[in-house]
Each structure stands twice: as structure tokens, then as C-alpha cells.
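Below: the structure, in C-alpha cells.
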Ligand SMILES: NC(=O)c1ccc[n+]([C@@H]2O[C@H](COP(=O)([O-])OP(=O)(O)OC[C@H]3O[C@@H](n4cnc5c(N)ncnc54)[C@H](O)[C@@H]3O)[C@@H](O)[C@H]2O)c1
């Protein structure tokens, strides 16, 4: 199959859909991979790395879309890309259709086969192509929290791990899923006192078993959260209720119970945020202050660490890319129920219930 890897043109997106290692695996199987010039540059991969792995470098985004039977990228296509997508072309990327009717209509009109990373689903209901990004965001939340706790950026001026003779900071992690576990692990590793809260007892039991002694588990309730506020330095929000907006676990009135310079990092910002005072921010201006509390709520945290994010993402997408290239999309989806869940729009027809429902449209 002919596979195309374009540059990501969405603002501030530095990831790329395939690494040289992925190209190597595909060309080894006699597929042809067209990579747009400089596509991997911002993730740390040079054109010569791709050529060494067997890719053909092409000069323009038009040439990539023109040559390819399947496009492998990262973010949803944006307006200038709509007209490049051809009927029957497979596009394998994050789409998040339910949040954009314009994109949904554009992809219906394109008659392409749109397979969305975010709806590929394991037998147990997990979303394997979202997990690495939550891992990145969870680990990064502590790195960012530690930075914004510094006084020059209006934080409390406390080192997460303390020093001999000075106690460490208190970190509260809301949600013990992928984000929460990675955050708790990083904060604990730096020596902080960590409390992680969830409403899922099975998950709390698991966390209690695997975490070091400086991580305590607690059932998530308003009463318990309020009790911790006056002594907590950093709060990380990583809750998720599938298919729903995040519950507001930290309300505006709770800010006054926190000490000035407390930092709150809302990783769940992409689902509306789990703090009432959250509004989405960008890497250019990641924080704002309300009632002396520093808010960090960047909606695409993995974008700041494109090397790690690209490799993490492509580690999990590549096995599916190989199946699609070897078998073609129809056979690959027939043979693999997880991948079949990724089918969102096929040759002008919506085939994923939630997207049809989001816009009151017809299912195929
Ligand atoms: N900002 C970013 O760049 C970025 C990146 C990746 C993920 N995210 C977001 O982070 C959020 C968490 O993702 P995840 O992969 O960890 O999800 P997950 O499903 O693995 O974990 C969510 C956890 O929240 C728990 N939960 C639900 N209600 C709760 C409550 N009231 N109190 C405490 N815990 C509660 C669930 O039981 C679950 O364990 C999602 O909204 C996701 O979209 C954001």
C-alpha cells in the first residue's frame, strides 16, 4: 500500500504520525511510505532518518495526499486539508468528530474512510490510542505543578520534596485513572506527600497495592476534598466520566480555603475541567490566577513534549497501521474488532452512533 505522512499544520502541533522506525516496519513489508519534507523535524526526526528507513521524501502536502492510499497523521484535518482528502482514501488520525460539525460534514463530503484513534477500543472498554497521551499529561502535570509552585511564577515557594529538615509538599490527585496514577507516581518519586482520590474502590485498592508509602488513597467526596484544601500545595485534576462532562470537584468557593500560591493543574480541561474556575489555556500562556490560586489548564499538554508524545503515540498506532496496510481497511476491520470501533465515517456515511447523535444526523 502507498502510505502518506504529512506535516501537521494545526497551530502548535509538533507531533508527527510516524517515526522512522514505523517507516522501516512498513517498507520491510513492501509498502511505500511518502513522508512530507521536514514532517518529523519538530519531534526530533530528520528527513535523512526517514530516508534511511526506506521512506520517499516529497516536497508538498499536496504531493503526500495525492500519492497516498492511506494517510497517517496526528490531529484532525483542518480546513486547508479538507480538499486534499480523496474518495476511498483511508485517513487514520485523531478526529474528535463530536466536537465539530464542520469537520464531520467535510469528511462526509470527502467520501474517505475515516478511522479515529480515539474510538479504537479494547475488549475491556479501554481506549489504547488515548492511553499514552494521558500518561504524558499525568507525568507532565507534576513537572508543571512543581515549576509553578516556585515564587517567581507566583507559587507558594515550596519544593515538592522538601530537603532534610524541611517537610515535603502535599499533593492531592483527583482521579486514579491513567493520568492520576502517573501523576501520583511522579509526585511520590520527587518525595512529596501524595493523596490520590477516586470513587472506584477497585482502582483505589490497586493503587494502594502498587504505590510507595508516601502515597495515600482516599475515597473521593466533597467532604474529604474540603478537609485537605488548607494543607495542600498542588492539586491535580484527572477525573473522567466516559462520555460526560467532568464533574466540578473544586468549586470557586473552595479557592478561599487554599493558601495563597497553591497550584491547581486541571488535566481534565478537555472534558470541560473538574475545577469550576477552569478555562482552557495554551502553552504560550499556560496559567492564570484567581483568588491567589495559580491555575494551569493547557488543553494539549502532550504538545509541549513532541518527542515523547510522538514515540508514545506511534508505539500504539503502528500495529494498526501495519494491519491496515497489509490487509486493506475492510479486511483489517473485519478481522479486528478493536480497529473496527475506530471506523467513524465511511465513504460519505456516518457509521459511529455517537457522532450521528451529536448532530442529529442519519447513521449508515
Ligand atoms: N490536558 C491534556 O492535554 C490531556 C491529555 C490527556 C488526557 N487528558 C484528560 O485527562 C482526563 C483523565 O484521563 P484518564 O485517561 O486518566 O481517564 P481514566 O478513565 O483512566 O481515569 C479517570 C478516573 O476518574 C475517576 N473518577 C470519576 N469520577 C470521579 C470523582 N468524582 N472523583 C474522583 N475520581 C473520579 C474514575 O473512576 C477513573 O478512575 C480526561 O478528561 C482526559 O481527556 C487531558
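FYI, residue positions are counted from 1 along the chain as it appears here.
Using N, Cα and C of the backbone, Cβ positions are placed for all residues, glycine too.
Just so you know, TrEMBL annotations never went through curation; they're auto-generated.
According to TrEMBL, the features are:
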type: DOMAIN; residues: 4-137; note: domain 'Alanine dehydrogenase/pyridine nucleotide transhydrogenase N-terminal'
type: BINDING; residues: 15, 75; note: substrate binding site
type: ACT_SITE; residues: 96; note: active site, proton donor/acceptor
type: BINDING; residues: 134, 198, 220, 239, 240, 267, 268, 269, 270, 298, 299, 300, 301; note: NAD(+) binding site
type: ACT_SITE; residues: 270; note: active site, proton donor/acceptor
Out of 15, 96, 134, 268, 270, which recorded positions have CB atoms lying under 6 Å from ligand 1?
134, 268, 270
Taking the Cβ of residue 15 (substrate binding site) as the centre, count every other Cβ atom within 10 Å, in any protein chain shown.
26
For NAD(+), whose listed binding residues are 134, 198, 220, 239, 240, 267, 268, 269, 270, 298, 299, 300, 301, the greatest C-alpha pairwise distance in Å:
26
Any idea what the model's mean pLDDT is for the domain 'Alanine dehydrogenase/pyridine nucleotide transhydrogenase N-terminal' (4-137)?
96
Within its own chain, what residues at least 6 apart in sequence put their Cβ under 8 Å from the Cβ of residue 96 (active site, proton donor/acceptor), listed in sequence order?
76, 116, 118
Rounded Cα separation (Å) that holds between residue 299 (NAD(+) binding site) and residue 75 (substrate binding site):
13
Rounded Cα-Cα span from residue 15 (substrate binding site) to residue 240 (NAD(+) binding site), Å:
25
